[in-house]
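Reading through the structure tokens given below for one structure.
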Amino acid sequence: MSRARRVLCRACLALAAVLAVLLLLPLPLPLPLPRAPAPDPDRVPTRSLTLEGDRLQPDDVFIAVKTTRKNHGPRLRLLLRTWISRAPRQTFIFTDGDDPELQMLAGGRMINTNCSAVRTRQALCCKMSVEYDKFLESGRKWFCHVDDDNYVNPKSLLHLLSTFSSNQDIYLGRPSLDHPIEATERVQGGGTSNTVKFWFATGGAGFCLSRGLALKMSPWASLGSFMSTAERVRLPDDCTVGYIVEGLLGARLLHSPLFHSHLENLQRLPSGAILQQVTLSYGGPENPHNVVNVAGSFNIQQDPTRFQSVHCLLYPDTHWCPMKNRVEGAFQ
């Protein structure tokens, strides 16, 4: 064997030995795949409620304020001075008497319902009937009813309504009872009466209806039908709304803790949450201490309802708010 062939054979043997050693070595483990991040329980899902709701503008909301001629003085002027000044195009005042001066202050959005000024079930239902018809005429997406002792936070209201679709059956508010109301439904023609149970949102805290639901209510609510429907159960206006929505249409009241009436203990509302509420109220002469506990530049004698204090915290740039509020608001 020539010397060249011997060298080649040795090289082949060496290569074979190296390959044998490599085959005996353990194979390396595959690199682990990167893990998906653990879900964050506090993170809001990408598909949030707002994607299913409306992109609302302030003028999409119709706010009806129910009042009476005797409250056209300080009570209603307080609302015009505070929250209505921030939502003038949204707000319509429904009353029972003409008042040219107040009509001018309200920008022409005060409506004389020609209903009785006496606080009876029939008079209340008369006003609600007019409110409902005016809302349908407006073409707006949402109807919200409040009383003349409510402070409305327009920003909170718009934010809340934006989480729903106005095409869906939405009835939103706060019940004053912890159980459904039970009523006797009188059948036309003097037939057998039925017992019906349903929830209703108290008008004293305010409530809202989507246009989709309001249109379905039309056979029992439009063009004066609301009053005859109320006579079937002989209940006030807010109860009749609940009767139509739940008892006749089978929709449901969505209970919201953001609406407040004078019937609850308002001092129990946490002060840190007051500015996020949709509506507030106050106790009035019969219960003057039932007001929200909010600090402000006005004392209780200057601001017995606490509405001015709340307003200056929400809108410190208001010209009549104390300078302290305006300076603090500039740095927020």
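The backbone N, Cα and C atoms fix where each Cβ goes, and this holds for glycine too.
What you are looking at is a predicted structure, and each value in this text was computed from that prediction instead of being measured.
Bond annotation: of Cys126, Cys144, only Cys144 is listed by Swiss-Prot as forming a disulfide with Cys208. Checking Cys12, Cys126 against Swiss-Prot, the residue bonded to Cys115 by a disulphide is Cys126. Among the recorded positions listed here, namely Cys144, Asp148, Cys312, Cys144 has its C-alpha nearest to that of Asp238 (active site).
Secondary structure at Asn114 (N-linked glycosylation site), taken from DSSP and collapsed to helix, strand or coil, is coil. The C-beta environment of Cys144 (disulfide bond), restricted to residues of the same chain at least 6 apart in sequence and closer than 8 Å, consists of Val61, Phe62, Ile63, Ala64, Val152, Leu157, Gly206, Phe207, Cys208, Leu209. Neighbour count (other Cβ atoms within 10 Å of the Cβ, all protein chains): 25 for Cys312 (disulfide bond). Predicted-model confidence for the topological domain 'Lumenal' (30-332) is 90, expressed as mean pLDDT.
With respect to their backbone Cα atoms, Cys321 (disulfide bond) and Arg75 (substrate binding site) stand 19 Å from each other. The Cβ neighbour count for Arg75 (substrate binding site), using a 10 Å radius over every protein chain in view, is 15.
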